Amino acid sequence: MSKQPVSRRQFLNYTLTGVGGFMAAGMLMPMVRFAIDPVLAHGGKGEYHTTKQKVDELSTKPTRVDFSYEQKDAWYTSEVTQTAWVYKNEKGEIVALSPVCKHLGCTVDWEGSGHKSQFYCPCHGGLYEKSGKNVPGTPPTRPLDRYQTKVKDGFLQLGKPEPQDIA
Amino acid sequence: MNWNGKDTESFQQQKEYVDTALVPLVPISFESDMKETASQHEFVQLLTMLLEKQFKGRILLIPPFTYIKQQEEEEKLAALKRWSDEIDNAGFKHKLFFTSDSNWKLAEDKIDGSLVWVPAVPLEHMEDSYKYSLIEDQAKQFVNIIVHKWQQDLS
C-alpha cells in the first residue's frame, strides 16, 4: 500500500466541500419535499376501507355491505359502521351506493315496502332507481352518493361517497 | 337526528318532516343494582343510536330521561309527564320511550306515548362485532314497529 499524504490544502478542500454540501442539502431537501408533496399525496381521495365482501360474489342485485373503521371525534375514538348497496351493472362495473337518503339522511332499503327494483326510504317515502337516480315527485332532490371502489386481493374496498351526476 | 348543534339546526329548518321523538328512559342507582342500571343504559343507548341512524330524517333522539331507581313511582311518572307535554308542545306527533327498566312496563297505561320495553342484554364481555350484530338484529324488529306506526298514522 502506497502512502498518499494528504496535503493541508486538499484536506481543507475536502472538508469545506463536505460541510458545504450538507448545508446545501439541508436547505434544499425541505424545499424539494414541499414542491413534490402534491404528487406524493396518495390519490388525494382519502383512504379506502376494506370490506368483507368478495368481488366474485357480487351480482346484479344490490347487496348490503357493512364495513367499519375507526373514527376520531375530538378526543373520542369510536368504531363507525357504514353500509353500502353494492352490485355489478350491465358493463360489469362495481357500483357501490351510499344508503343515506339525500332528503334528510335516513337509510334507504333496496326493494323496501314492496317497491320493485327501487331503493325506498321509509321516512318520507323517497324513491331511487337502481342507478341511484332519485325518482321525481318524491322528496329527495338528488341521486344517492356513490362510493369510490377498489379491489384488493379479491375483496372490495370502499373510499369516500361522492355525489353523482345523472341526468 | 341527534341532540347536537348541527342536527338541531336542521331540525328547526325541517320541522314538518321530523315528527317522532325518541326518548330513552334510564334509571340510575349506586346500590347493589348499580351495574344493572349501567348496562341498561349501555344497551338502550346503543339501540336508540342505531335506530336514529336508520331514521335520521324523521326521528329526533333526545338525551335520556334519567331518574333515581329508588324514586317513588308517582314522582317518576309526573316528571315524565312534564317531558312528554314539552315534547307535544314542540309539535311531535309520535313519542317513543325506550327502556330496559321493567317498572315502566307495569305503569304503561299511565304513560302518554308508546312505551317500548326491551330487556337489556349484558354487553360487557362481548366482542365488538358480535355486539354490533346483536344490537342490529334487535333494531331490525323495531324498525318494522316504527314504520308500521307511521303507516297506521296515514290511514
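Residue positions begin at 1 at the first shown residue.
Glycine is treated like the rest: Cβ placed from N, Cα and C.
Heads up, TrEMBL stuff is auto-annotated, nobody curated it.
A quick note: this is a predicted structure, and the numbers were derived from the prediction, not measured.
Database features, via TrEMBL:
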type     : residues : note
TRANSMEM : A:12-32  : transmembrane segment
DOMAIN   : A:62-158 : domain 'Rieske'
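Helix, strand and coil content of the domain 'Rieske' (A:62-158), in residues and according to DSSP, is 3 helix, 48 strand, 46 coil.
Residues 6 of the same chain lie 6+ residues outside the transmembrane segment (A:12-32) yet bring a C-beta within less than 8 angstroms of a C-beta in it.
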